[in-house]
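Q: One structure is given below, represented as structure tokens, and several questions about it will come after.
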Amino acid sequence: MRAESGARADGPGAAVSGPVAVLVGAPGAGKSTVGMAVAARLGVAFRDTDADVESNLGMSVSDVFLEHGEEYFRAAERAAVLTALAEHPGVLALGGGAVLDAGVRAELARHWVVYLDVTASDAAKRVGLARDRPLLVEGPRTRLAALLKARRPLYEEVAAITVDTAALGIDDVVAAILIELAGRAGH
Ligand SMILES: Nc1ncnc2c1ncn2[C@@H]1O[C@H](COP(=O)(O)OP(=O)(O)O)[C@@H](O)[C@H]1O
Ligand SMILES: O=C(O)C1=C[C@@H](OP(=O)(O)O)[C@@H](O)[C@H](O)C1
Ligand SMILES: [Mg+2]
């Protein structure tokens, strides 16, 4: 695990309201699974912006890509992320591509962002056939390698805390995040 200062020197916790922690990282990094577990351990609510987009549009993420295309999905995702950052007090998991939006990245500078780092190879194993991840159906390994190359600088830009998930199981990742979140109270 590696903890590092994020986009702001005074600590993202300067945001007076909003999520306890916001999870970013590539598909398969564990944002949804780990986020839910961290929220349960902290006794706070969990929210996932993919689920918000699905309920806002009344269809699965996969179907949004199929019926309307990626650009439409990104606009819906951006709106869902900005809403959740403003109003959700618990743990928030973003979709892996949310950081592609400069406005989202700027807003994330005010929050406690946890970046779950993952290799393309581990991510490919975790997402399997990726039927519910439309960007990956062409071939998860190739696609994940390309996504990670393009996005790693963006995840690092917004992160206050980075957890390398390579050698960690889900419980270990949850424990690492809880230690970092507890440590921030002293800053
Ligand atoms: N650290 C980990 N080690 C092994 N498997 C993991 C780990 N984190 C998540 N997983 C598994 O990987 C899959 C994808 O996790 P998910 O939370 O959906 O990722 P994301 O939301 O980042 O795309 C799930 O089956 C989950 O149980
Ligand atoms: O990385 C991406 O561009 C995407 C990641 C997915 O979420 P997860 O990262 O939770 O899999 C989902 O938002 C959509 O399929 C697009
Ligand atoms: Mg997810």
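Cβ coordinates come from backbone N, Cα and C, glycine included.
Bear in mind that TrEMBL entries carry predicted annotations, made automatically and left uncurated.
Because the structure is a prediction, the values reported are computed rather than measured.
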Q: To which of Asp50, Asp52 does TrEMBL also attribute binding of substrate at the site defined by Arg74, Gly96, Arg151?
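A: Only hit among Asp50, Asp52 in TrEMBL's substrate site, alongside Arg74, Gly96, Arg151: Asp50.
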Q: Please report the Cα separation of Thr33 (ATP binding site) and Asp50 (substrate binding site) in Å, rounded to an integer.
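A: So the Cα of Asp50 (substrate binding site) lies 13 Å away from that of Thr33 (ATP binding site).
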Q: Do you see any of the binding-site residues Asp50, Arg74, Gly96, Arg151 whose C-alpha is within 10 Å of Gly28 (ATP binding site), and which ones?
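A: Near Gly28 (ATP binding site), where near means Cα within 10 Å, the binding-site residues are Gly96.
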Q: Under a three-state reading of DSSP, tell me whether Ser32 (ATP binding site) is helix, strand or coil.
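A: It is helical.
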Q: What binding-site residues among Ala29, Lys31, Ser32, Arg74 have a C-beta sitting less than 6 Å from any atom of ligand 3?
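A: Only Lys31, Ser32 qualify.
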Q: Whole-number Å only: compute the distance from the Cα of Arg74 (substrate binding site) to the Cα of Lys31 (ATP binding site).
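A: Roughly 18 Å, rounded to the nearest whole number.
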